């Protein structure tokens, strides 16, 4: 049996490539992660660094080659006793407030609703698989498309929502949902709830399905009321997954752009931080100011990410070998 | 075919040292079994030989070549894994051909060798199947076939039978023995099951906490365990250990008194023992006789009726609980008062350090006399 | 009592389904109505008029927009998977110094707000001469899909048995061969899952597509729909917009229905296990 093939794996040829397995694997590891790291450096690291740099310049979109370093003037500057810059712009602070309010309200509602939906879908009933697919649909529809669909449904004159509410007598006159300052942000929240509750529900559902069934049987044998079981058993057990879902969603909500841009355009009442930054950058061509806003958004989210990760690291450390 | 030599091999994972300086020579064509409790380092040692782990210190030679820095494929070894580790997406044929293909063997060469190995293992009708269409025993054969095809110098087996049911395990054990005698290759086999070790091995390496406790043929380990650990690990039920005290020593003779006052005179080399030194007497259940009269009295605490013979657990009045093997027709009741005797010739003595005293004359087990070795 | 609970349960299920599906249902109905019909609300389909669907393709290069979207999403998926799977092998199965830090950095990138790179990306794309081109959008979208592709594939890679890889090394495979011949086939289901998620992300992407394109011919579907105008600036062609919405949503719904289990597995692999 030993012949030509065996000959090829003899020590003689082996001597040329002396390298233990673990060393060659580590070398391969770096080789394998180099291309994605380079790409990420190019499409994420570099643009981010440039954005931060632009925030210290007076760059204009018309000509990105010629600009001057102006320090923190985009953020805050004092001309003859008058304070100027991003940090003095009431529109910016309005957008910060809108974004934070939107994130808090929408994520809270989504969490509660998502929990309810997950609990319902966790029950065994015929058609559960189809229901799971159905609630995925709002999540999968492009945000722009769902914003347009809702825009049409919320149309102040011909919208089906106003029609329904008028028919059942909840309102006496049509509401201008997206244009009125009283309702615009709530409208955005409502559409976001429609679109992203499924995401949270599915994450919670996955956590629920990982729970051991016998503790529920034990609780039933002991005659504990289901609501008590939920708060004393289920909730503590799925808390880690719930936390991850909420944090993911919160980070997502803080960078909201598509929904607000399409649903309510550049309205001041609903403008989010991302919409504000893009408006400065593209519509007003103020790359410096827009970049300053972008940088602040990045810092806010980065801070949250770092906090999240220090919490998450503990979890990760456990399953890393 | 090759000799495997380990010199001062050590392995640490981070700050935890799992192999403490192992020296071992596996002779050409020998079947060596590494055995020991879980966590003793036996699998790690095998993976060091395979090249799946790097030794932290020491040298490893296969066929007189230092292989520390060679990847597994260049060590001319083949390995059979506990979970078989078959490639799930490849047919049986492709599983066996993969290694040859990577070594750039010709198509006809691969075909001939795969079919030859398949015939040898009687899996030639399964070559087109995927692993998940095979039974556990068949998967095991494919895993062995994959090893054979590569015509390695050394076969490494990592607990290959532990996923099989009891009946299949016995059958596969016999086949592996046959394979070894057919192929005359060096084989190193890891198991935690002493029955496998005893039945398969030319020599057994008993490992404990990353150190070699004893290397020897199965019968050497059984009859002349080098220390308390080996004595306790090999043989089932476990050897009885009775605390005792040295009373007198002479040339080739040690007298001890066990708890309860009985004196024993044992034909062992006394080494540097001194009177009144504490010592442990070891006696296998096979050599313990339970009868109406004897030097040690006690009560039957438990009877395990195995059919062919019975195991009696006797609580002695002054000493520990002793296990005895009685003939299957003996009738004992729980609580019954009995006396225990044992043959001084069959006793082992272990010093406080755990080391065993050598037998007088140190002659090996008489050829042809197969001891009553009942490994359950 | 039991029956009441049962009825209540099914009512809830029905409500969830209605709430999820109604906007799409209403879009479909509206897309079949045109002209003044749209100025009255209809709850049931009454006619099957394809005029809006024709208008979508006639009044603007919507076919071209769809092809653009397919080209962008397809390329982004292919690139992300190709680069992601080898990286996932390295991150999931090899322990090397700096692994955790790198992996967390990559996870961090996936949480970047898009707008934070907008001006830098604009400059980058312009300097490559890729402004208002499809390759420019592909480049930009990689920032969105690569990090989570690597992350999700890594969690899947971790679950594959270690011994199969070791058997391959004993058989003489190099790390590259292990990835290509052993793990790639085993990772196929995971790659489908991850690819689907990356496709959906890229298909739905709006901010980059809006900012880095200028002409209607280069736009992908989301900005094309968002910027759809009627004959006058104040009169939006709602029928056509709904028709376009239905067209781009149908393939996504088909994907969701067919790959529902895989998509859920991907979402949870990225979040719960991470």
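Just so you know, glycine gets a Cβ as well, placed from its N, Cα and C.
Note that this is a predicted model, so its numbers are computed, not measured.
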Given ranges C:7-28, C:29-50, the stretch to which TrEMBL attaches the annotation transmembrane segment: C:7-28
Contact set, same chain, for the transmembrane segment (C:101-122): CB under 8 Å, 6 or more residues outside the stretch: 91, 131, 140, 143-144, 146-148, 150-151, 154, 207-208, 211-212, 274
Cβ-based contact of the transmembrane segment (C:7-28) with the transmembrane segment (C:182-203), 3 or more pairs under 8 Å: no
Long-range neighbours of the transmembrane segment (C:66-89), counting only residues six or more past its ends (CB under 8 A): 134, 137-138, 141-142, 145-146, 149-150, 153-154, 156-157, 175, 178-179, 183-184, 187, 191, 194-195, 198-199, 202-203, 205, 209, 218-222, 247-248
